[in-house]
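> Take a look at the following structure, please.
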Amino acid sequence: MPCRTTDELNELVQEAKKYTDGGKVADYIPALAKANPEELSVAIFHDDGTCVSAGDIHQKLTLQSVSKVLTLALALIDYGEEAVFDKVGYEPTGDPFNSIVKLEFSPSKPLNPMINAGALAVTHMIKGKDADERFERILSFIQELAGNSSIGYSDEVAVSEYETSDLNRALCYFLKQHGVIDEDVEELLEVYTKQCAIEMDCLDLARIGCVFAMDGLEPVTNRRLIPAHVARLCKTFMVTCGMYNASGEFAVRVGIPAKSGVSGGIMGSVPNRFGIGILGPALDEKGNSIGGIKLLESMSAKYKMSMF
Ligand SMILES: NC(=O)CC[C@H](N)C(=O)O
């Protein structure tokens, strides 16, 4: 079904776009530096399959850290809560997503699954006989959540990150030294960088956000895609750690479960109402889409989205 657009949503996007020149596109993954910093688009997906959008919603984005919440769901489905939280903790760090510092205090358990160290420990748990099979399982799970089997990944972004991943490599060796992971680090980085390079548009992202908003049910059909307790758990992490070390301010200003990535993507879930997908590659100093956050603030006020 094609998305309709409304003047109201277009105006909110135009207003938020003014903030994009205060941000910067991520360039520590060289391929991401090609993104257009002025871009800002949004899709809202309801459980009856209707959607509203503004901006160029067919522009593709790679998931980057948004993928962390999806692999967490898959690992929880594969292994259950006890096994997953044996390897990764529940607590926000208040540090940047790629920080290594707290690992020194809690070496046998990264503090949560939304920081890179925790996400690497989660991807380590994804079942499969080799890197290809593990990545294929992640990809088909995500295709199913989005109801779109044409979703793939950007080899250019995956390779670009893999070749420049020395900090993530260091996190992996730290985790291996402390027994959190026990696999070949290069294999884990191959799966992780491909997972982060899974590519879709804001509409796909909004639809996945809607599955979480509906506690794991597929929009329209109401088929169960994720157990309700897993969807609930993922949304809780989105609230406490989804916007990195800006999650507290985001909870105050917007008040919904959301997960961002350094490509400028944000997936939001407004409980029992709708999913949101945003692409705005210009980032603030914490690595969140600067226009995307402004847009969510004004959407939250206008559509009474805050759950608090
Ligand atoms: N914050 C992010 O989106 C980080 C994801 C990115 N692939 C990384 O590991 O650095």
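Cβ coordinates come from backbone N, Cα and C, glycine included.
Those TrEMBL annotations? Automatic predictions, nothing curated.
Sharing the feature lines straight out of TrEMBL:
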BINDING   S65, N116, E161, N168, Y192, Y244, V262  substrate binding site
> So, in DSSP terms, is V262 (substrate binding site) helix, strand, or coil?
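DSSP call for V262 (substrate binding site): coil, neither helix nor strand.
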> Near ligand 1, which of the binding-site residues show up if the criterion is a Cβ under 6 Å from one of its atoms? Options: S65, Y192, Y244, V262.
S65, V262
> Let's check the environment of E161 (substrate binding site): how many other CB atoms sit within 10 Å of its CB?
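Its Cβ shell of radius 10 Å holds 25 other Cβ atoms.
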> Quiz question: given the binding-site residues Y192, Y244, which has the greatest number of C-beta atoms lying within 10 angstroms of its own C-beta?
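The residue with the most neighbouring Cβ atoms within 10 Å is Y192.
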> How far apart, in angstrom, are the most distant Cα atoms among the substrate-binding residues S65, N116, E161, N168, Y192, Y244, V262?
20
> Translate the DSSP assignment of E161 (substrate binding site) into the three-state scheme.
helix
> So what sits near V262 (substrate binding site) in its own chain, CB-to-CB under 8 Å and at least six residues off in sequence?
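In sequence order, A26, Y28, I29, L32, Q64, S65, L283, G287 meet the Cβ cut-off.
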> Determine, from DSSP, whether Y244 (substrate binding site) sits in helix, strand or coil.
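Where Y244 (substrate binding site) sits, the three-state DSSP reduction gives helix.
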> Once the chains shown are all counted, how many other Cβ atoms turn up within 10 Å of the Cβ of N168 (substrate binding site)?
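Its Cβ shell of radius 10 Å holds 22 other Cβ atoms.
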